[in-house]
Structure formats: structure tokens, C-alpha cells
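Okay, structure first, notes after.
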Amino acid sequence: MAEGGAADLDTQRSDIATLLKTSLRKGDTWYLVDSRWFKQWKKYVGFDSWDKYQMGDQNVYPGPIDNSGLLKDGDAQSLKEHLIDELDYILLPTEGWNKLVSWYTLMEGQEPIARKVVEQGMFVKHCKVEVYLTELKLCENGNMNNVVTRRFSKADTIDTIEKEIRKIFNIPDEKEARLWNKYMSNTFEPLNKPDSTIQDAGLYQGQVLVIEQKNEDGTWPRGPSTPKSPGASNFSTLPKISPSSLSNNYNNINNRNVKNSNYCLPSYTAYKNYDYSEPGRNNEQPGLCGLSNLGNTCFMNSAIQCLSNTPPLTEYFLNDKYQEELNFDNPLGMRGEIAKSYAELIKQMWSGKFSYVTPRAFKTQVGRFAPQFSGYQQQDCQELLAFLLDGLHEDLNRIRKKPYIQLKDADGRPDKVVAEEAWENHLKRNDSIIVDIFHGLFKSTLVCPECAKISVTFDPFCYLTLPLPMKKERSLEVYLVRMDPLAKPMQYKVIVPKIGNILDLCTALSALSGVPADKMIVTDIYNHRFHRIFAVDENLSSIMERDDIYVFEININRAEDTEHVVIPVCLREKFRHSSYTHHTGSSLFGQPFLMAIPRNNTEDKLYNLLLLRMCRYVKMSTETEETDGHLRCCEDQNINGNGPNGLHEEGSPSEMETDEPDDESSQDQELPSENENSQSEDSVGGDNDSENGLCTEETCKGQLTGHKKRLFTFQFNNLGNNDINYIKDDTSHIRFDDRQLRLDERSFLALDWDPDLKKRYFDENAAEDFEKHESVEYKPPKRPFVKLKDCIELFTTKEKLGAEDPWYCPNCKEHQQATKKLDLWSLPPVLVVHLKRFSYSRYMRDKLDTLVDFPISDLDMSEFLINPNAGPCRYNLIAVSNHYGGMGGGHYTAFAKNKDDGKWYYFDDSSVSTASEDQIVSKAAYVLFYQRQDTFSGTGFFPLDRETKGASAATGIPLESDEDSNDNDNDLENENCMHTN
């Protein structure tokens, strides 16, 4: 506990639980706490009602707040990349942080990780703790090689940055200067709005800012500050010029003026003025235009390239059809801003004038309406696609006033009737180019396990999220600590079931090591203490990849052996707070360990058992050292006997002694010599350990003489009696005598070492040493690939709903874990397939790198359609979004087929290169875009007929008015697949 004393556990639990519910307010400061430390604290205070069995147990005492796991090595302030809220860290408001620090202190040498709450979004306000600050590179105009890096909040202003730069380069306030935003090798943009924030200015991670000082003659080194287009301000992203005039006047755009200085031209006009767009080579192929990375925005670039190469959607925008369908009044839309911004970007990309453009205006508009995308952190490409398709749909929804629709269950009606009804109801509220191109219909069947009630509904979809066959196993690296005190820990790699338990881990380790599974105890060691001691029935999902798992061999059956008890042991180094005070403290070091010892024992025997347990890394003295009063080892010690730790229990094992002055905890204590034990026949010796001063079978001999000080004292905790204090030592050390000591399952020992003795006799390198088993080098064979159709079949497989996601049965009037089955009823002209590579759980995150074999052409989906009237439904691939790397990071690119020349190209941010079909199918494929073959005409796109845009997803034929339905019955074709041409 903190030196000044901590609040009782109930108060701690109540206070922090309340403060965790604090609402975010712009400008407030919150603090990051490593989730591992926080979980340990939750155990200690019994935070969760189901996890109170260790409440107050010093075995789980968290100690000082330790955020080292969040920081890059060697950097006290830089966070590791791709940390995830609640999985890697917990956010606490200032008051909560101050309370925890007052109770537990902060680890020495660490600084608080404080972050501000910023407000994101323009129309949809959203407060968020800015965990990752924006790193900017600062330099002077006259010396751009001297770059200084600083981190700023998105809420910091340009004025704040300028003051910091002036401070760094010793530029006086009275000296006139101006800031420039530097792009690439020789591209500059003035930052002339001091009140604008970093977010408003669109500054991104790693951006280079240059400060320029005015010459003595009143001129500027970089020339006049007025840009070629006086209206091309650099911060605002709201276009003043109409979209049509911009798209029709690319060549004259630099000559335009903006009357209202608060607004400016769209992003690409400013880029052209300042070379943000690379001029295309002569007759650049339309559509072969890269997108600059604004700082971790490759996810957005990949999504845009896939949509840009979706012919029906791009033709719609290039032909300005969107302008007559903009819906400015839709409360679910974005006032047409997303559609307009996207349209201008597409026109620029397909103008044939640029080899790449910078989509900053579009990025800013997206961030205004979807704050989760407003920063410059890596995001999920599919999540952006979902937002963008929905945003474009609502901005272009032809329905101006959505009617209320009462949803109905099938109630035994034919599927065709129910499907028709569902699609008609959908079109009454949702009618847009996005619906025309991307929306399909699937059938959902739920069956109640109690009353057998069957519920059938038909629901529209915009894309298919297909599960990948999951790996049923995972590999874990663990360390096995043998009973033999001379044996080094051995590292193993075990293959265990993903949904298995701790017993499965023990069984797998037993097969490799020969140690019986029932003689193992599995632990998680963190920060020199036991973070967790697992029960055999606990789920393996609670073990994360970064956990240090130690398995201890114990030669007793804990369920049957009533004579022994397993106790945790931790090592602590004592220190004094100052030379003039007697107040002492301690800090943990080394690896803790478990020991099985007799319940009824004497304290001196316990001391000797502990000493022998550490003999591999506790140095022995030579005869010369002995004469000087240094340590020596007792004789006749059984190293590998018949005790629960490989020790003989009847005698007193080795004693160590020094001539150091005794302290008050062990004054005048002397242990009698006990030499009646003989060496065991199966003793294990070391390899030249005696030459290195380490305790071995041969060196561990001798007897105690005189009044000597032991290597360490130890404190004993039996929950409910005296506590073991982490910071401030208790003076009531156990005295080393023969009085009986009764131990139980809640016993805990802390061994306190004097710093001088620890330095002299404790070999930390030997203590940390371990060996590797050959299994560590084993790489599990990976399944070569799965077919896309396997994923579709898995999507349509019947499953049981989870306990956390039950279905409300209208018949039982209760939530039930029903069985659910999805079936495809109809498919759209463009089918978007999302391969679900990322998986999340409470304890772990994972990316599946399974190779999915998908066809480039002739994907026949008819076998998966349950509509009995379904005809052929074949698709060709037109685009792929790729993700390289792991969870929370990596890089996105795209393959796409150009609609004009029919060739494949590879889009990697601003770079565009040719590609071949054999490159497209890879483990990186994440989102697939397929276009139905009947919507193509040659290499181009056969445009959608606006008059037949309402093709029924139920029958695949155009919807008719009531007046015409009877006359046209004979002309209808029984087709599926939402044919719209």
C-alpha cells in the first residue's frame, strides 16, 4: 500500500467504479493505466462480484502502478503502436488517477500518461480521449536538415506550434516569421490561421513544418506569401465553388476567386496550387490515379480505389446524375456533403490529368460525420466502406419522407410472398443508386429450442461478411519449472485447443515433458509477482499472447494430500528511504516460485527449504571467504530426495551464514546442526556449478557454527492476520527458531534480501537463465487454402445463438438461445464480399492469414440461392482490398480492373502499377468486389436503366404498378439476382 496508507478496499472499489462512469468533456484530462496492472488491482479489491475470492489477498497485491507495458522500449513517453482501449489500457479521469497514485504510487522512473479529451465531428459531435498524439517534425527554413520532433494534441492550435518552434530555435517573439506545411521534396503550403487547430489544418503524423524568418530588408526567403489563387485557403474543406463548375473547368480552376474568405476551394484545388497533385503524363489513363497517404490513411485509399473501379457507381458520378438526387433534408444523411465530396474526388481521379491526388477534403468530411475516422490512426477498411456506402445512400436517397412500416413475420406464408413484401417495404424507405447497385436480400430463420416456434424474415444487405474456417488450435509458449532445484526452467511450445481449458495445457505439456498433468500448477507471472494462479477448469482464452506463463511441477496431489500445502514465494530487496531515517521499504525482484511444503513445519526448516530451492542461483563461498565470515554451505543435504519439491523432509537442509551484524528480527538466533540425512541415491549433480560458486549437490555441505546472520529474512502472511507490506516493511519478521508454523492454502511468503547480501550472493543472471525445448522451434503446419465457396457454405450453416446474444421468442415471451440459419435469396449487380479475418474477444485479438482461393471470373452463386426461380447468376471480380500485417496495424492496398481498358492495376497509396491476375489471389485479400456478368458490355459497364431501378429482390424482375401488373404477367421472366438492365 501507499506509504501514507490506502483507503479500505470497499472504498477503493466504490470510488473507482463511480469515476469510471465519468462522461467525457472537452478539455478534461484522462490517464492511461496498463490493463494488466488494473486487472490485478481489480482482483485485489474484489472489483467484480464473481471475482472476490482473492479479495485482500497479498498474493494479488498490485504494487505501484506500472505502465511500462504500454511504452516503447527506452522511451518514457512514446506509446507502443496499435494499443486497444480496455484490452491494453484503461482510461481514468484525473480524480480516479490521483486516488490510485495516492494509494499505490507510480513505479519509480515513470511519468503519468496524461491525455486530453478532444471533440471530433462537425455536425455529429463526439468526445474522445486523444490517446495518440500527433508527432510533427519541426525545422527552420535555412536548415531543414536539423529536424526536431514534438508531439501535439489535435486540439492544439497553429499558434501553439509556432510558440514551441520559436522556443526550440530561439526565435524572439518580435521577430516576424511564418509557418509552412512541407510536402514531399519541394512543396509548401502556408499555415496562416493561428487559431486553427491541428485537426482543422489537416496536419498528420510525421508532417514537416518549417518556420521562415523575415529578412532584414523586409523580404521573405521563400518569396511573397500570397498564393497564386488568393482564395485557396489551406484549412477549410467546404467548397464554395459549385461541384459542376469545378468538374467542368479543371483548366481554369486556378484563376477562380472566392468571395467569402471563410470558405475555400475544395482540397484538390489547393493541392494543384501548391503541387499537391502530381500532373499526369500526356494522356494519363483515366482512373489510374493514386491517392496520397495523409498518415495511416491507406485503409481509406484502398476503399476509395475499390469503389472508384466499380463501374456503375463511377459512371453515375461522372455523368452528374447524383446532382438531381442529392437529399439535403434527410435526417439520417449528411446534408449531401459526403456525396458531393466523393463526387469531386472521383471526377479528379478520372480526369486523366493527375497521376495522384491528395484526398484531404474527403477525409475531413468523413471525419466530421464519423468521428471515429477523424484522426490519423489506422482504421478498418471494411468499416469505412460500410460507413461510406450507407452515407452515400442516405445523401442520395430518393425517398424524401420515409413512411412507417410495420414489419411482419412470415407466419407460414410462402417465401416468395414474404420476400416480395420485404423488398417492397425496403424500397418504400430506401431507394438510391446504392440500393440499385449493392443491395440484396437474405432469408433469416430462427427456431426456438423450447417451443419450436419458427420465425422467418427477409432482410436486405449491402455486403456479405463471410466467416473463415477458424483454427481450432493455438500455440502457447510456456516455461516449466521442475522440482529439482538445480534444473533450469525449460521453455516449451504447446499446441492447445482454442476453446480449451488449463487442463488441456497441462496435458499437452505433459506429453512433451513427461511430468504428470496432475502434478502441474499453471501461473501467470508479471512484474516479479504471480499475476494469476489458474484453476484447471479455467478457459485458455484468458491467456493472452504476451503473458509469461510458468508451470510449476509439484509432487503432490493437492486434492488428496492433506499433509502438504503449496505456497507462493516472492523475492524483495529492502532499502532505506534516506540515510538519516530508519524507515525502510522494499521492491520486488527476480522470479517468484511455488513450493509444496508440510503444513506443520518449523520456521528454521522452512528457511532451509527455501534456501535450497534457490541453490542454483545463490552463490556459495570459498574456504577463504569462510574465514572472513562469508557464506558457506551445510553438509549432508539431500538434493533430490522424496519430498514434494525433490527435497528430503526429515532433516534440516543447508544453512548459510555470514558474520554481518544481526538485525532485530533475528538477534541471537541459532539453528542446531541436523546431519542425520544421507545423500539420496538418485541425487542430481550440476555441471561444474561448484566452480562458479553455485550451490550443487557437492558444495551444499557443511554445518552451522556460531551466531550468524542469514541471507534473508521473510515475512509470512496468513490472510486475515498480518499483512505483507509491499512498500513499507513490517518489523514483525518471523524469528528463526523451532516453534511450529502452521500453513494453509492462503499462506504467502516474501523473502526480504539486504541489498549488500543480494548483490554478493544472488546471481540474477543464473536466476533468469532457462533452456529451450526443441518444440519451441516447431511451426504448426498451416492449411494451404480454403475456397471462397467454403466460406459461403459456412455463412449459411445453422448455428446456435450465444448466451450473450439471445433471441426473444414471441411465443415463449422469453429470450432463448435459438438456432439461426441464413440463406441467400437474391444478389445485387455488384456483390461486395468481406472476408472476416479479424477476431476479437475479451482477452485476445487475432488475424486469420488463411489463403482464400476466390475466382477471378465466373463465380457462380446460383447454387447458394434458395429462390426456386433463380436463374444463372455469375460474377466477375473487379476489385480487391488487401491488408498486410497484423491486428491493429499493417498496410492496405488494392487491386482493381480498369473499366475502360479491362486491365488489372495495383494501387498502393500514391503509386499505381500494372498487375497480373496471378497476383490477385493472396492471403492479404480482405474485401472482394464482384460485378454480375449481365451488367457488363464489352470491357465497360452497361448503364443501369433508371426506369427499372426497382427490380425486385424477391423475383429478380422489375416491380410493376398495380395498373400494369395484370397486362404484363405473360412477359415476366422468372429470374433472380435483381436484374436491373
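Glycine is no exception: its Cβ is also placed from the backbone N, Cα and C atoms.
Under the heading active site, nucleophile, Swiss-Prot lists Cys298, citing sequence analysis as support. A sphere of 10 angstroms centred on the C-beta of Cys298 (active site, nucleophile) encloses 25 other C-beta atoms. Cys298 (active site, nucleophile) carries a helical DSSP state (H, G or I).
DSSP classifies His891 (active site, proton acceptor) as strand under the three-state reduction. Around His891 (active site, proton acceptor), a 10 Å sphere centred on its CB holds 17 further CB atoms from the protein chains shown. As annotated by Swiss-Prot, active site, proton acceptor applies to His891, with the evidence given as sequence analysis.
The compositional bias 'Polar residues' annotation in Swiss-Prot covers 226-237.
Among the features that Swiss-Prot reports, compositional bias 'Acidic residues' is placed at 656-673 (among others).
Look at Swiss-Prot and you will find 960-974 (among others) tagged as compositional bias 'Acidic residues'.
Sequence annotations record features per position, and here Swiss-Prot assigns domain 'DUSP' to 7-118. Within the domain 'DUSP' (7-118), the DSSP-based counts of helix, strand and coil residues read 39 helix, 21 strand, 52 coil.
Residues or ranges marked as domain 'USP' by Swiss-Prot: 289-933.
The feature N-acetylalanine is assigned by Swiss-Prot to Ala2, with similarity to another entry given as support.
Annotation source Swiss-Prot lists phosphothreonine at Thr226 (among others).
Swiss-Prot lists Ser229 (among others) with the feature phosphoserine.
Taken from Swiss-Prot, the feature phosphoserine covers Ser242 (among others), and the record attributes it to similarity to another entry.
DSSP assigns Thr602 (phosphothreonine) to a strand in the three-state reduction. According to Swiss-Prot, the phosphothreonine annotation covers Thr602 (among others).
The phosphoserine annotation in Swiss-Prot covers Ser961 (among others) and is backed by a large-scale study or a structure entry.
What Swiss-Prot records for Ser965 (among others) is phosphoserine.
As annotated by Swiss-Prot, region 'Mediates interaction with SART3' applies to 2-223, with the evidence given as similarity to another entry.
Feature annotation from Swiss-Prot assigns region 'Disordered' to 216-237 (among others).
Around Thr602 (phosphothreonine), taking its Cβ as the centre, 17 other Cβ atoms fall within 10 Å, counting all chains. Reported as a whole number, the C-alpha separation between Cys298 (active site, nucleophile) and His891 (active site, proton acceptor) equals 6 Å.
Put simply, His891 (active site, proton acceptor) is 62 Å from Thr602 (phosphothreonine) when counted between their Cα atoms.
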